[in-house]
Structure formats: structure tokens, C-alpha cells
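Engineer: Can you keep this structure in mind? I'll have questions shortly.
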Amino acid sequence: MTSWWNALSAMGGIEVTGPLGVAIAAWLLAGRSWRLSLAWCLLYGAGMALVVVTKLAYMGWGIGIPELKFAGLSGHAMRACAVFPVAFYLACRRLGSPARRWALAAGIVLALLVSVSRVPVLAHSWSEVVLGGFVGFAVAAGFIWQARSEHPTVVGRLLLGLCILPLLVMPTTEPVHTERMLKKLAFALSGREAVVERAWHLGPGRDHRRLPRPVPQGSAGPAQAPELRRLPERLPGAGVRVAI
């Protein structure tokens, strides 16, 4: 069962949903849907920016909701809920209304499965997944609302081809460590000596605070590894990790 959740979770990674988002914009440009292409880029970009801002706010300054175990929107949930419903909808726009509705429903179900998978793999809390998915669905709904009255000039097979390619190469690609990049950015922007980490459990019986690693015996003294001997700074409801 764990491998099933991991596979679903991987489908929400930036190495999959990023190219899918670009494929949607490319399909719209190929069909000369300039207004929809701009709308998609703005909506999807705004959703991505909101994810980054909420994560940086917690990592850099501890701004979150400890009572809800919220440390930033789930990027996987946001991207999946934005991309998959839109891709399925656009691919079937030239078909009848029943087909479009079924395609949209399939995209929504896939997006929900990808979002939910982030909880059992201990990557996010429910609040982070739900709020991230809400933002993603808002992006998709805003785009589909604008696209409902515009007819495409190219067939959906082009979009399908562009969308299938990332799914085929996904198993062979290295994961993009966006979380690590955000931590480095939060560390640089906040000016703190450490980035803020979750101090709560993400699973039953599991403590996912990232504490400093112990210094191996015979290693260099405090002068060469001062960060491992520094007392961590604590914010209310948050644990910390030494500077990365």
C-alpha cells in the first residue's frame, strides 16, 4: 500500500505537474487562445507563488498555525488540483457535454488521490493538503469558467501527447528538491541562524522534528562545527534545525 501512495504522490511532483502546466499553456498558444493562455499562466503562477510564500513564512519566521499543524500549503496538492482537472477538461473540449463532464470528474478524482497521498507518506498534515487542494481547485475553476465559452482551434490530441510525455519519463527522472531550495532561500531572507522546522507529529507515533545530528567521536571540535553545538532557537509551536 505504501508503494501505491508513493506512486500517487510522485505524480504531484514539480517534475510532472510543472511540464503539464507548460503543456497546457503551449496547447492554448497553439490554438491561438491568447486570452486563455494568459489567464492560465496568471492563475497557475499565482497558485505557485502562494505556496512559496506560505512555506517561506514558516521556514523563515515561524508564521503558521501550530494548532492545525499548518506550516505552508502543500505544493503537490495545489499543482495536482490545478493541472489535472484542466488538462482532462481541455483534452475533451471538442466532445459532447457528457464526455467533458466525465473527463473533468476523472481529473478531479486523480487530483484528490494525489493530494490525499501526501498524508500517508508523512509529507504534509491534513490542513496543509486541504488548503493546498482548495487553492488548486480555485485555480482550475477560475480557468474553466473563463474557457467554457471559447472554442479551441486545434484538436485535443496535441495536448494529450504533451501531457503523456512527462508521465512516461517520470519514473526515470530524479526528484526536484524544491523543499531544500526553499529552506536555503528562507535562511537567506530571514537572517536567522536556523530555519524553522515543524515541532509536531506528521504520523502516529512518529516525531518528525529534524534535530541537529550528533557529532561523531573523534570529529573536529566546536571551532570547525559550531552549528552542531549551538542551542536551537525556539519559536512557539515550532522546532528548528541548524543552518543548512
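Cβ from N, Cα, C; glycine included.
All TrEMBL annotations are machine predictions without curation.
Checked TrEMBL, it gives:
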- 73-147: domain 'Phosphatidic acid phosphatase type 2/haloperoxidase' (DOMAIN)
- 207-229: region 'Disordered' (REGION)
- 6-30: transmembrane segment (TRANSMEM)
- 37-58: transmembrane segment (TRANSMEM)
- 70-90: transmembrane segment (TRANSMEM)
- 102-123: transmembrane segment (TRANSMEM)
- 129-147: transmembrane segment (TRANSMEM)
- 154-173: transmembrane segment (TRANSMEM)
Engineer: Does the transmembrane segment (6-30) reach the transmembrane segment (70-90) with at least 3 CB pairs under 8 A, where each pair is 6 or more residues apart?
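Structural biologist: They do touch: at least three Cβ pairs between the two stretches lie under 8 Å.
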Engineer: Count the CB pairs under 8 A between the transmembrane segment (102-123) and each of 37-58, 70-90, 129-147, then give me the winner.
Structural biologist: 70-90
Engineer: Are there residues at least six beyond either end of the transmembrane segment (37-58) with Cβ under 8 Å to its Cβ atoms? List them, or say none.
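Structural biologist: For the transmembrane segment (37-58), the sequence-distant neighbours (Cβ-Cβ under 8 Å, at least 6 residues beyond its ends) are 21, 24-25, 28-29, 64, 71-75, 78-79, 82-83, 86, 132, 135-136, 138-139, 142-143, 146, 179, 182, 185-186, 189, 196, 238.
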Engineer: Can you name the far-off residues of the same chain, 6+ from the ends of the transmembrane segment (70-90), with a Cβ under 8 Å from a Cβ of it?
Structural biologist: 9, 11-14, 17-18, 20-21, 23-24, 27-28, 40, 43-44, 47-48, 50-51, 54-59, 64, 100, 103-104, 106-108, 110-112, 114-115, 118, 123-125, 127-137, 139-140, 143-144, 147, 152, 156, 159, 163, 178, 198
